[in-house]
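Have a look at the structure below before the remarks.
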Amino acid sequence: MKAVCVISGGMDSSTAAFIAKEQGYEILALHFDYNQRTMKKERECFNLICDDLGVKSREILDVSFIAQIGANSLTDKNLTIQKTGVKSGEIPNTYVPFRNGIFLSVAAAFAEKEGADALFIGVVEEDSSGYPDCSENFIKKIESAINAGTSPNFKLEIKIPLVHLSKTQIVKKALEIGVPLEHTWSCYEREDKACGFCDSCRLRLKGFKGADTKDTIPYI
């Protein structure tokens, strides 16, 4: 069995990839560069996680056209990354329009070429920033569209093992299956030391606190 794993270098996608390995899949690792602020750090963490997994097949794809579309603070440095938390029902300016839809479409093409059985992505719906392309409903619908638009001899299952877990549950699961969380990066803003205040840092720290364990990556 082969699975394409979309790995950003973050905690969630890395844990999803380790789950794929635990389930016996041969991992085809896929990473996307889209000129985000922390692109170099994320790429570094992707390679570290691939080394930890013993992955031989790894691809880094340039989808920098996402930055040309803009409309988000991850790629547009003229926008300030929100650090005040996210209110219920609010979509923060760190939301990259249809990013996961783009990633999954490209990953599906790669999976079809490679004859993969599954595609793992670490989306989280329950304890997240509220991005619409991280919901189970969206994933199921794009899975249906992918299978309608690819070869009849190809059927892809998109696996989202973390979608209904809290950040605390994700940290606990990661520790249970041996994910080296010190090799992952979550900060939206910085590559040297995590800011500790962007929504992604807040959620990460919340998970570690709930799991009663220390996050060993550097913070300012």
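Residue numbering: from 1, along the chain as shown.
Positions of Cβ are set from backbone N, Cα and C atoms, glycine also.
Quantities reported herein were computed from a predicted structural model and do not represent experimental measurements.
Same-chain residues at least 6 positions away in sequence with a Cβ under 8 Å from that of Ile7 (ATP binding site) are, in sequence order, Ser13, Ser14, Ala17, Ala29, Leu30, His31, Phe46, Ile49, Cys50. According to DSSP, Ile7 (ATP binding site) is assigned to coil rather than to any helix or strand. Here Swiss-Prot flags Ile7, Ser8, Gly9, Gly10, Met11, Asp12, Ser13, Ser14, Thr15, Ala16, Ala17 as ATP binding site.
Per Swiss-Prot, Zn(2+) binding site is recorded for Cys187, Cys195, Cys198, Cys201. For Cys187 (Zn(2+) binding site), the same-chain residues that are 6 or more apart in sequence and have a Cβ closer than 8 Å to its Cβ are Thr38, Lys41, Ala194, Cys195, Gly196, Cys198, Ser200, Cys201.
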Taking the Cβ of Gly9 (ATP binding site) as centre, how many other Cβ atoms lie within 10 Å?
23
Other than Ile7, Ser8, Gly9, Gly10, Met11, Asp12, Ser13, Ser14, Thr15, Ala16, Ala17, which residues of the same chain sit close to ATP? List them in sequence order, counting a residue when its Cβ is within 8 Å of the Cβ centroid of the site.
Ile49, Gly122, Thr184
Just jot down the residues in the same chain as Met11 (ATP binding site), at least 6 apart in sequence, with C-beta under 8 A of its C-beta; none if empty.
Ile170, Val171, Ala174, Val179, Leu181, Thr184, Ser186, Arg204, Gly207
What other residues of the same chain, not counting Cys187, Cys195, Cys198, Cys201, have a CB atom within 8 A of the CB centroid of the Zn(2+) site?
Ile81, Lys83, Ser186, Tyr188, Glu189, Arg190, Ala194, Gly196, Phe197, Asp199, Ser200, Arg202
